[in-house]
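Only one structure is covered here, and it is reproduced in the block below.
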């Protein structure tokens, strides 16, 4: 049996079973069968109005899961006594909170106290991938919301200056293989980066060094013209609102925007994976959805270890 046939069997079987204590049919069991439909309808309506929010929702899910696990801690607002994750410099550019708020409001009307903010965010990210042209896949549900959100915890988020070896080590600490890390990096097929995250690669921002030699010289000039301020933006690839494998083609052309992107092609350990995904989009889609499902299980809170917030921004 080939890899693709085996994956379809796993999908069919897991649809009726458990995944680390979560269930694919969790909200049917909890008498809230329309939960996923409500999430998808609201997400799609917002993405039709602003397709750039697809990248925002996927990024928010990643930033949630890599800090204290997939427990919606990134959604909690700061208070006078606590600075929350969302006010960390790494999270100040996150967008899409209003989508999660609207979904939660509708679900509280339909099924009060049943659907967690953590599940809403995981489902919204999944639906954003499909909306943008990526693979369709199911995820297990039943996560509970965390009760901690502190700015100091965001130190676990990978900065855009890490090289491939450092990324392999960081993701490895969370149980991911090098291939899974490269697949998850493919989420950068959507969205943009701010100049503050890559200007160190350009000589005109720092006279002490030349342009990053791993960056195509002509593309470096384009970036230099683009960066009129730290908030200026550059798309990760040529199809910024379409989920495809063009991100990996960009790395082959030495036009990866972030150092942490281009390093995946520069390192022999990950270059072969980049080349494979650039050549075979179906392989990328398959590996990406498997890695996303795995990421969605990071340090999940279950039962009494968490809660279902009435308002995603406030701990009960």
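Every residue gets a Cβ built from N, Cα and C, even glycine.
Lifted from TrEMBL, the feature list:
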type: DOMAIN; residues: 21-316; note: domain 'Plant heme peroxidase family profile'
type: DISULFID; residues: 32-111; note: disulfide bond
type: SITE; residues: 59; note: site 'Transition state stabilizer'
type: ACT_SITE; residues: 63; note: active site, proton acceptor
type: BINDING; residues: 64, 67, 69, 71, 73, 85; note: Ca(2+) 1 binding site
type: DISULFID; residues: 65-70; note: disulfide bond
type: DISULFID; residues: 117-312; note: disulfide bond
type: BINDING; residues: 158; note: substrate binding site
type: BINDING; residues: 188; note: heme b binding site
type: BINDING; residues: 189, 237, 239, 244; note: Ca(2+) 2 binding site
type: DISULFID; residues: 195-227; note: disulfide bond
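Sequence features, as recorded in TrEMBL, placed on the structure.
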residue : record                       : contacts (Cβ under 8 Å, 6+ apart)
63      : active site, proton acceptor : 74, 85, 90, 91, 94, 154, 157
65      : disulfide bond               : 295, 296, 298, 299
69      : Ca(2+) 1 binding site        : 146, 298, 299, 300, 301
70      : disulfide bond               : 61, 64, 118, 121, 122, 143, 295, 296, 297, 298, 299, 300
71      : Ca(2+) 1 binding site        : 64, 118, 143, 144, 145, 146, 299, 300, 301, 306
73      : Ca(2+) 1 binding site        : 64, 67, 84, 85, 146, 148, 149, 153
111     : disulfide bond               : 27, 30, 31, 32, 35
195     : disulfide bond               : 223, 226, 227, 229, 230, 231, 232, 233, 234
244     : Ca(2+) 2 binding site        : 133, 134, 189, 281
312     : disulfide bond               : 72, 75, 76, 100, 101, 104, 117, 120, 145
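Checked against residue 59 (site 'Transition state stabilizer') by C-alpha proximity, the binding-site residues 158, 188, 237, 239 yield 188 as the nearest.
The Cβ of the residue listed as 'substrate binding site' lies under 8 Å from the Cβ of 66, 167, 170, 171, 260, each on the same chain and at least six residues away in sequence. Burial estimate for the recorded positions (32, 67, 117): highest at 117, by number of other CB atoms within 10 Å. Distance from the CA of the residue listed as 'heme b binding site' to the CA of residue 237 (Ca(2+) 2 binding site) is 8 Å. Calculated from their C-alpha atoms, the gap between residue 239 (Ca(2+) 2 binding site) and the residue listed as 'heme b binding site' amounts to 10 Å.
Within 8 Å of the Cβ centroid of the Ca(2+) 2 site, not counting the listed residues 189, 237, 239, 244, the chain contributes 190, 236, 238, 240, 242, 243, 245, 246, 247, 250. Taking the mean position of the Cβ atoms of 64, 67, 69, 71, 73, 85 as the Ca(2+) 1 site, the remaining residues of that chain whose Cβ falls within 8 Å of it are 63, 65, 66, 68, 70, 72, 74, 146, 149, 153. Listed recorded positions: 59, 188. The one with the lowest count of other Cβ atoms within 10 Å of its Cβ is 59. Each of the binding-site residues 189, 239 was assessed for Cβ neighbours inside 10 Å, and the highest tally belongs to 189.
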